[in-house]
Amino acid sequence: MFFDGYGYHGRSFEQTYRCYPASFIDKPQLENGDKIIMPPSALDRLASLHIDYPMLFELRNTSTERVSHCGVLEFIAEEGMIYMPYWMMENLFLQEGDTVTVKNVTLPKGKYVKLQPHTKDFLDISNPKAILETTLRNFSCLTTGDSIMVAYNNKKYYIDIVETKPSNAISIIETDCEVDFAPPLDYKEPERAAPSRPSKAPAEVEEAAAEVEPKFNPFTGGARRLDGKPLKQQPPPSSSGSSDKQVDVTNGGKKSAAGASSSQNSSRQSQGKLVFGSNANRAPEKQKEPVKEEPPKKEEPKFQAFSGKKYSLRG
């Protein structure tokens, strides 16, 4: 008989038993390792054989051909029965009272094992490697494809054995074994953000902002008096174009009063420019027609306070 290239030495031990979980024998510490409890007759048979120590066994479910490996803790079970951790029964698809074949084997010492937690919660532990190292001290061997249980802080964590070297089943007793972790089964890679489009050049952004934002003109609103009286004079508009027109209007009024002697100077002032020095060769420009003054508007009645009718509370 061979298991992955490694043979069984001497006359092998092979026996069929009915299996039950550790809770049936009131030994909860059995769940924290991979050891089983066998009957005393198995010890008598093993002692008469030339077997290698520590004792390691192959567990096989003949109905499903599932195989796992374990060690032995005690020989105190009833004849024809063995007790094993419940997580081991789950790996072998065994129910309470099902039959399982037990055979002694010799496994090579492990050099490498790759583990994969079922959930990300195991990686949230402060020091998962230290917890795993402490838990594996209760194990004798590891088999590829099994799921072991790690109990920590009143919580159970299940870990898959993804790969073992140099064989599919290895002994981890008194050996230096390299441990590697695969991403948890429920791990999802973060989605990559879509690359953003290149933004416009700073010069283009400034030009667009200059076009959109209106220029600030202070004091462009209408004026009102607090007493309600109408304004006699309207405030001059604040824009530069209107101020130039107002200068032209006032200059035109002065031209009409000064006469023909100041016609050249008034023609220069009518353009809204200041000219220094004389320019006799400059052709005289036509004078602008004087602005017609609008007739004064009728004044609105002034506001009079307390001008309403009076009433008596007595009626």
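Any Cβ shown, glycine's included, is placed from N, Cα and C.
Feature annotation from TrEMBL assigns domain 'Ubiquitin fusion degradation protein UFD1 N-terminal subdomain 1' to 13-108.
The annotation domain 'Ubiquitin fusion degradation protein UFD1 N-terminal subdomain 2' is assigned in TrEMBL to 109-184.
Annotated region 'Disordered' per TrEMBL: 186-315, in sequence order.
As annotated by TrEMBL, compositional bias 'Low complexity' applies to 253-273.
Here TrEMBL flags 283-302 as compositional bias 'Basic and acidic residues'.
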Legend entry - Secondary structure content of the domain 'Ubiquitin fusion degradation protein UFD1 N-terminal subdomain 1' (13-108), with strand meaning DSSP E or B: 23 helix, 37 strand, 36 coil
Legend entry - Local confidence of the domain 'Ubiquitin fusion degradation protein UFD1 N-terminal subdomain 1' (13-108) - pLDDT mean: 92
